[in-house]
Structures are given as structure tokens and as C-alpha cells.
Amino acid sequence: MSKITLSSLKSSLQQGLKNGKNKLNQAGTTLKNGLTQTGHSLQNGAKKLILYIPQGYDSGQGNGIQDLVKAANDLGIEVWREERSNLDIAKTSFDTTQKILGFTDRGIVLFAPQLDNLLKKNPKIGNTLGSASSISQNIGKANTVLGGIQSILGSVLSGVNLNELLQNKDPNQLELAKAGLELTNELVGNIASSVQTVDAFAEQISKLGSHLQNVKGLGGLSNKLQNLPDLGKASLGLDIISGLLSGASAGLILADKKASTEKKAAAGVEFANQIIGNVTKAVSSYILAQRVASGLSSTGPVAALIASTVALAVSPLSFLNVADKFKQADLIKSYSERFQKLGYDGDRLLADFHRETGTIDASVTTINTALAAISGGVGAASAGSLVGAPVALLVAGVTGLITTILEYSKQAMFEHVANKVHDRIVEWEKKHNKNYFEQGYDSRHLADLQDNMKFLINLNKELQAERVVAITQQRWDNQIGDLAAISRRTDKISSGKAYVDAFEEGNTSPSIHPYSIDNKNGIINISNTNRKTQSVLFRTPLLTPGEENRERIQEGKNSYITKLHIQRVDSWTVTVGDASSSVDFTNVVQRIAVKFDDAGNIIESKDTKIIANLGAGNDNVFVGSSTTVIDGGDGHDRVHYSRGEYGALVIDATAETEKGSYSVKRYVGDSKALHETIATHQTNVGNREEKIEYRREDDRFHTGYTVTDSLKSVEEIIGSQFNDIFKGSQFDDVFHGGNGVDTIDGNDGDDHLFGGAGDDVIDGGNGNNFLVGGTGNDIISGGKDNDIYVHKTGDGNDSITDSGGQDKLAFSDVNLKDLTFKKVDSSLEIINQKGEKVRIGNWFLEDDLASTVANYKATNDRKIEEIIGKGGERITSEQVDKLIKEGNNQISAEALSKVVNDYNTSKDRQNVSNSLAKLISSVGSFTSSSDFRNNLGTYVPSSIDVSNNIQLARAA
């Protein structure tokens with residue numbers, strides 16, 4: 001490269017001005033504006049910048065100090081020649097008098113002796129400044145030095161009110177100002193240790209271009225780099241300015257009045273010493289190593305360029321710009337320690353990735369920031385001499401090119417770090433013969449068990465089961481997803497994993513068990529147990545069965561999406577076994593979203609069936625949101641529809657030919673229910689964007705849908721919170737209306753019908769029926785056979801119609817003598833102490849007709865033959881008729897008490913009385929609408945229990 005003399009430089013500059021006047025004017029305007037802004041910033045922060053020369057100090061002994069004096073005059077920097085005693089405030093307040101910069105009560109002082117010593121210690125600067133024989137050129141070079149210092153101070157101290165600081169000694173302002181001066185002093189020291197010449201920099205740029213000429217997509221860039229103007233030895237060089245600019249990024253923080261104290265301290269003090277020494281070397285070496293690994297050039301000139309550029313880049317701002325990334329890495333690393341102990345180090349890999357890429361990102365980001373701010377460092381030179389013009393051209397022509405190169409290098413370095421993550425995962429999988437991300441889910445599940453062990457162990461007592469079987473769906477994990485995206489192994493990850501664990505009271509860890517769950521084929525087997533009772537609990541929503549496959553597709557230049565394909569299975573088959581089990585399916589996802597409206601509501605969905613084989617035990621099954629097929633097997637089995645808003649029931653067994661078989665239709669109206677949806681996880685690796693589709697449960701609002709359940713070998717059905725319709729079979733049925741206004745028809749058979757809450761209509765039909773209205777004002781019909789009616793306090797006002805048979809009405813929690821019996825029209829009203837009435841319609845109709853119609857012959861028996869109190873005491877229909885007649889349409893309290901006393905003294909009836917007491921107590925303790933969510937083992941009286949007592953009652 002040819003050398004440039006001062007005269008040739010002037011000639012070249014004149015030609016450049018002639019050929020590119022507009023461009024140079026634009027550059028000059030930018031730089032002058034930068035200088036003006038710098039001056040304003042400095043004036044806002046301090047009274048003035050002063051070059052201090054102690055009285056008696058021989059400036060001639062310095063190497064180039066006279067040039068600095070002339071430059072100070074040229075730049076409007078005041079020169080002091082005073083006694084050192086006037087600087088006491090600087091020494092006492094900041095202890096900076098042994099450094100280049102300090103404070104006085106009149107402004108910021110640049111100490112000439114310290115600067116002179118710096119020039120002596122660093123011959124590069126001294127030799128470059130030269131002697132008095134080339135004073136015109138040296139003034140320009142000195143302008144560059146002082147102009148850079150002036151620029152830094154303008155940024156560093158623009159957030160400080162110096163007048164207030166000096167007058168009030170505000171401690172916060174003092175610390176901030178001290179931090180700024182400490183930083184600037186370190187930066188000037190950095191200049192002395194890293195000065196380079198412009199021609200060396202230009203040579204590095206040119207050679208870098210030659211190394212990049214064969215890189216795909218960068219051919220044009222390499223030509224531009226090699227065709228830069230011949231800059232020669234025009235000045236001290238860009239790297240003096242670059243060294244000064246290492247303070248620019250920190251200045252941005254220090255000058256920001258809104259910045260936190262923590263950030264200002266970090267920018268001004270904590271990192272100031274680090275950026276001068278080992279950090280610069282470490283980051284430079286790291287970036288070079290990454291370039292080698294990425295197949296990029298690392299020759300001497302390129303290494304020198306990187307080292308000199310990183311010297312200005314590794315500033316506090318470079319850390320603060322990516323503080324979140326480093327904090328994230330620290331959090332993930334701390335998080336990873338637990339899972340490493342559980343056999344998964346993916347979180348540590350993720351933390352290392354964020355830390356390494358954070359270092360790269362910090363360096364490159366700050367380099368770009370510093371390059372964009374170079375005009376502040378050369379402002380003085382461009383305004384006062386010819387030296388600034390070629391530097392300005394260099395800034396305008398090269399900054400954008402360097403930025404492009406660095407961005408290209410950054411992505412390559414990111415991908416190299418990602419490749420290391422990829423290789424570690426592949427190496428682990430080869431060694432352990434297992435999917436790495438599945439291991440991640442396994443570790444998450446083990447940690448979950450550890451966190452919830454006390455709760456899970458106590459479930460045995462809460463659910464009254466010898467063994468609790470917990471089925472847990474580990475959901476999509478964002479950190480595992482990030483790792484798959486970074487390593488480009490997105491086709492190997494799954495949406496989660498399901499686990500089966502067993503817990504027994506007294507054990508402090510999950511029990512060894514033979515249970516299994518097969519997601520691909522939709523099989524859950526919990527049948528092999530030697531326990532008498534067990535409770536099956538789906539702890540988290542279980543996704544639908546099927547096998548996932550993924551395909552990674554490139555969407556754009558740097559964007560990829562991994563599409564999810566599912567080979568679905570349309571049902572879960574659950575085998576429970578012979579233990580008496582409680583199984584709750586309400587937390588199983590049975591609906592798959594297919595279509596959405598503009599608001600994101602589900603307007604079309606697909607059904608996933610549950611097929612439950614219960615075995616020989618006495619089982620309780622809670623039905624979920626969609627089609628359920630249940631085979632109860634042997635034992636007394638109950639099916640509950642009492643949880644969730646899963647629609648009103650229409651149960652029809654009128655055509656069934658097998659006992660315990662029912663068809664249950666449900667319309668699940670517009671509401672929220674668990675649906676399986678497809679979501680997208682996004683991760684960015686530099687410029688590379690990765691999207692991964694995965695499944696998740698979503699409690700979405702949906703339009704209505706209809707399902708039909710099929711029940712076999714089921715002894716009891718508990719209804720929903722809606723208005724249900726029950727149509728019984730020709731066999732014995734047990735129905736519980738639950739909440740809502742229910743219509744219950746027992747049809748044939750000896751039925752047990754419970755209305756539950758709400759104003760229900762209950763018809764026992766043919767057979768010997770057991771009828772309980774429950775809360776609400778119910779209408780109850782018993783039919784022609786031997787029926788038992790039950791009422792307790794709080795059940796409301798019930799109307800009973802009976803016709804024939806030997807019937808009984810039991811008040812389960814009221815003594816007979818505390819009731820009031822009245823004739824109202826042709827009906828009998830029985831009133832408890834709360835004022836609730838049980839009205840037996842047409843009780844006296846036949847008698848009234850016989851007394852008013854000649855030769856009338858009774859055709860129907862509309863009376864209930866026995867009315868029973870909570871202690872088993874009773875009154876017969878004949879006694880009621882007699883006492884009502886004697887008491888003028890009401891039984892007196894004395895007459896009723898006598899009936900009770902006479903009954904209690906009858907020894908031959910005592911055993912029967914005890915049996916009836918058990919019957920009434922049993923019925924009184926039962927609430928058909930109870931939600932057994934917290935106690936799946938709660939005792940519910942079965943038809944077998946009740947019928948035994950009914951037979952005793954009838955025998956009486």
C-alpha cells in the first residue's frame with residue numbers, strides 16, 4: 001500500500017471534496033453536530049474542562065506537552081497555571097489527583113504532569129505526536145486526543161449537576177461523578193496500551209476482504225473492502241479514537257437519569273477495571289476460537305482487527321444490553337442442578353448456550369453501538385484540522401461494512417454453539433439408548449413426585465383406599481422445547497409424557513406396581529393388584545391417545561417449522577380389575593378441537609371415547625366430557641355424572657333386556673370444557689427462527705355437542721346438576737337425580753329413586769319401591785305395590801300419591817310425636833317443626849265419597865299404611881283415620897303421644913323397631929347430590945343394604 005505525505009493528503013482531500021462535495025458536507029455536518037452536542041453535554045455536566053499545569057512545572061521536559069497546550073487553546077479548553085493547593089477539593093472528595101482527570105470547584109481538570117507521564121511511558125503516543133518542527137500536524141493530533149476526552153466527559157457527566165454536587169456534596173451525585181472520572185481515567189490508560197495506526201487498520205480491513213471473497217453471498221462486500229481509499233499514515237489512527245469510545249457505551253448508562261443505581265454502579269465502577277485487562281483478551285480469544293470452529297478466517301490481520309475492535313466493545317453496556325440473557329442463564333443453571341441429580345443435564349446445556357451466545361451478542365452489539373458513535377470521538381479533529389476529514393471518510397465508508405461482517409460472524413458463532421449442544425445430545429442418546437428429551441420429561445416427573453410426596457401419601461387416608469393410583473401427564477416443557485429448537489432436533493421431541501404411580505399409606509415413596517399406560521395404543525391397565533380398595537386419580541389432564549410424528553420444514557431463508565402429525569386412536573381402554581375402585585375420568589381430555597371461530601371459540605370438535613372395564617369390585621366411576629362405555633362387571637357399581645358441566649341426561653332403559661344396562665344421552669351445551677388443541681412454540685437462535693407444533697389441553701369455550709354413553713352391569717346412576725330424565729328398566733333400578741329439576745320414572749322392578757336437590761317428579765312405577773324426594777318441593781308417586789317413602793327436615797314440601805300395597809312413610813330425623821297431622825280437603829298433611837309439609841293426596845277421598853254417595857264401594861287404596869318416626873315408632877293408617885275424626889280433622893298432641901308411648905311399650909316389637917331405626921338412620925345420612933371429589937371412598941348405601949332393612953320394615 002502506498003504512503004501518503006501531508007501534501008499528497010491535501011491534494012487527495014481537495015480532489016475528494018471536488019468529486020464528492022455533498023458526501024463530505026454531509027459527513028462534516030454530522031461530525032460538527034456531534035462536537036456541538038458534546039460541548040452542550042459537557043456544559044450541562046460541569047463548568048468547564050481545564051488543562052492544569054502546576055506553577056513551576058517545566059512543560060518543555062514533556063514529550064509533546066506543548067502540542068496539548070496549543071490544542072487546548074484551539075479547542076477552547078482553559079489552561080491553568082496555579083498552585084496545587086487550589087485542588088484540595090479534588091483530592092479530598094475523589095482522591096483522583098494521581099490520575100489524569102479530577103474535580104475542582106471550578107470544573108474538571110486534566111492534569112498535565114500525569115498526562116505527560118503517560119506520554120513518556122507510551123512511546124507510541126509520544127513518537128506519533130512528534131516535535132515542534134511539525135507543530136501544525138501535531139496540533140491536529142492533539143486535538144484528536146483532547147477532543148476524544150472531551151467527548152467522553154460530555155457523555156459520562158451529562159447526567160450530573162456539577163454545581164449542585166460541589167455545593168451540596170450530595171452522596172449519590174458524588175458517587176456517580178466519581179464513577180465517571182474513574183472510568184474515563186481507565187479509558188485514557190487503555191488508549192496508551194492499544195494505539196494503532198490508520199494504515200495498519202486499513203491493511204487489516206483490506207486483507208479481511210480478501211479472506212471473505214469466496215464466502216457465499218459476500219463477494220460484493222469483499223470487493224468493497226479491498227477498494228477502500230488508500231488512507232496511509234494520516235493521523236494517530238482510528239484505534240486511538242476507538243479506545244476513547246470504549247467509554248461511550250458506559251456513558252449512555254451514566255448519562256441516563258432514569259437508570260437504576262445498580263446499572264450506574266455497574267457501568268461506572270464494577271466493570272471499569274475489567275474491561276482494560278483480562279476480559280478483552282478472553283472475549284477476543286473466544287470469538288477467534290468460535291470463528292475457527294465455524295470455518296471462518298482467523299489470520300493475523302483478522303485477529304488483530306478483532307482484538308482491537310473488542311477492546312472498545314467489551315464495555316459495561318455490552319453486559320447490560322444482554323443482562324437478561326445472562327440472568328436467564330444463571331437462573332437456568334441454578335434450576336438445572338436439581339435435574340442433573342435426576343439424570344438430565346439439558347437445562348445446564350441450555351444455560352451454557354445462553355451464556356456463550358450472550359458473550360457473543362454482548363460483544364457484537366456493543367461494537368456496533370460504538371462504531372455508530374465514532375463521530376463524537378473525531379468531532380474536534382474534523383472541526384479544527386485536516387486530520388479529521390480522512391477519519392470521517394473512514395467512519396462513513398467502513399462502519400456499515402464492519403457491522404455486516406460482525407453480524408454474519410455472529411450467526412455463524414451462534415450456530416457453532418448450537419452444534420455443540422446438538423453433539424452433546426446425540427452423544428448421550430448413543431450412550432444411553434434413549435430419547436434425550438424423554439429423559440427430560442422423566443426428570444421433571446421425578447421432581448414433581450418429590451415435591452408432592454407428602455400430599456400423595458396422605459391421599460390414601462383422604463380417599464379411604466389402600467392404594468392410590470396417580471396418573472400424571474407431564475405437559476409440554478418450554479425449556480425442553482428451546483433445547484430441541486437450538487439443537488435442530490425438533491423432530492425428536494414429544495408434547496409430553498404420561499406416568500402411572502402407586503402410593504400406599506405408610507410408604508414414603510411410590511410403590512412398585514405392575515400398572516401401565518400405553519399412549520400410542522390408548523391402553524391403561526391397572527388391573528393387577530392384590531389390594532381390596534384403590535382410587536385412580538388423574539392428577540393432570542391426560543391428552544388423547546395416539547402416536548406423534550414430526551417433520552421439520554424450511555419456511556423461509558432462516559425460518560423453520562416442525563409440523564405435528566398424529567396417528568390418532570379414537571378411544572382409551574381402561575381395565576380396572578377386581579379391587580373396589582374409584583375412578584375419576586373428568587380430568588381426561590376427550591374432545592379434540594377441529595375448527596375455531598374468529599374469537600378463538602371451538603365450533604367443531606372430535607370425540608375420544610373411554611371404554612372402562614371395572615371388574616368384580618364395588619366401583620365408583622365419575623364420567624367426563626364425552627362418550628363413555630362402562631362394563632361394571634360383578635359387584636355393586638355406581639356411575640356418577642355429578643362433576644363438570646357435561647350436559648343434562650336422558651337415561652332410557654325401557655327397552656333393555658339385561659339388568660344394569662342403560663343408554664345415556666347427553667347434550668353438552670355451550671360452555672367451557674377441556675379440549676386438545678395444537679399450539680406453537682417459538683425459539684430464536686440469532687437470525688434462525690424455529691417453530692414447533694405441540695399438543696396441549698385447553699379449557700376453551702365451545703358450541704354444544706351430543707354424546708351417548710353405554711352402561712352395562714351398573715347398579716346405580718347419579719345424575720348431573722342439570723334437569724335429567726330417568727326412564728327405568730323392567731329390572732331393579734337405583735337412580736339419583738342430583739341437582740336440577742329431574743324426572744325419574746322407575747318403570748318396573750323394585751327401584752330405589754332419589755330426587756336429590758330441585759323440584760323433582762318421581763314415579764316408582766310397578767314394584768316395591770324406595771322413594772326419597774330430597775331437597776325441593778317434590779311430586780312423588782308410589783304405584784300399586786309396597787312402597788317406602790322417606791322425608792327429612794330440609795327436604796321441603798312433598799306431595800305423595802299412592803295407590804295400593806302396604807306402604808310406609810318414614811321421617812328420618814323427626815320423632816313422630818313432634819309432627820302435626822291434619823286433614824285438608826281430601827288429603828292428609830303432615831307438618832314438621834320447621835313447617836315443611838308432606839301432603840298425601842286423596843287420603844280421605846274414598847271415605848268422603850262413601851259418606852256422601854249412597855251405596856258407594858271403595859275401589860282404590862290411596863293411604864299409606866304406616867307412618868314412622870326416627871326412633872322406629874309408628875302410627876297406622878287406621879289410627880290416623882280414627883284420631884283425625886276424633887280431633888275434628890287434626891290429631892291432638894296428646895293423642896299422638898299416647899300412640900307413640902303405646903308402641904314403645906310393646907316388647908314384641910322392639911327388635912323390629914331397632915331395625916327400622918337403622919333403616920331411617922341410613923337413609924338420613926345419605927345425600928345423593930354429594931360431590932365425592934375429595935373423598936372418593938365415601939360410603940353410599942347400596943340397594944342391597946337398604947333392601948335388607950326394607951324387608952324388616954315390611955315384616956313389621
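Every residue gets a Cβ built from N, Cα and C, even glycine.
Annotation comment: Swiss-Prot describes 718-735 as repeat 'Hemolysin-type calcium-binding 1'. Away from its own ends, the repeat 'Hemolysin-type calcium-binding 1' (718-735) comes close to residues 638-642, 645-654, 656, 659-662, 666, 741-754, 756, 758, 765, 767, 928, 942-943 of its chain (Cβ-Cβ under 8 Å, at least six residues beyond either end).
With helix defined as DSSP H, G or I and strand as E or B, the repeat 'Hemolysin-type calcium-binding 2' (736-753) counts 0 helix, 6 strand, 12 coil. Annotation comment: Swiss-Prot describes 736-753 as repeat 'Hemolysin-type calcium-binding 2'.
Residues 719, 723, 728, 732, 735-748, 777-790, 796, 805, 926, 928-929, 943, 946-947, 950, 954 of the same chain sit 6 or more residues outside the repeat 'Hemolysin-type calcium-binding 3' (754-771) yet have a Cβ under 8 Å from a Cβ within it. According to Swiss-Prot, the feature repeat 'Hemolysin-type calcium-binding 3' maps to 754-771.
As annotated by Swiss-Prot, repeat 'Hemolysin-type calcium-binding 4' applies to 772-789. The average pLDDT for the repeat 'Hemolysin-type calcium-binding 4' (772-789) in the predicted structure is 94.
The repeat 'Hemolysin-type calcium-binding 5' feature in Swiss-Prot is assigned to 792-809.
Taken from Swiss-Prot, the feature transmembrane segment covers 238-254 (among others), and the record attributes it to sequence analysis.
The transmembrane segment feature in Swiss-Prot is assigned to 302-320 (among others); the stated evidence is sequence analysis.
Marked as transmembrane segment by Swiss-Prot: 383-406 (among others).
Within its own chain, the repeat 'Hemolysin-type calcium-binding 2' (736-753) is flanked in space by residues 641-642, 648, 653-654, 716-730, 759-772, 774, 776, 928-929, 943, 946-947, which lie at least six positions past its ends and keep a Cβ under 8 Å from the stretch. Distant neighbours of the repeat 'Hemolysin-type calcium-binding 5' (792-809): 759, 768, 773-786, 830, 832-834, 836-842, 860-868, 923-924, 953-954; these residues of the same chain sit at least 6 beyond its ends, with a Cβ under 8 Å from one of its Cβ atoms. When DSSP labels each residue, the repeat 'Hemolysin-type calcium-binding 1' (718-735) comes out as 0 helix, 6 strand, 12 coil, counted as helix, strand and coil in that order.
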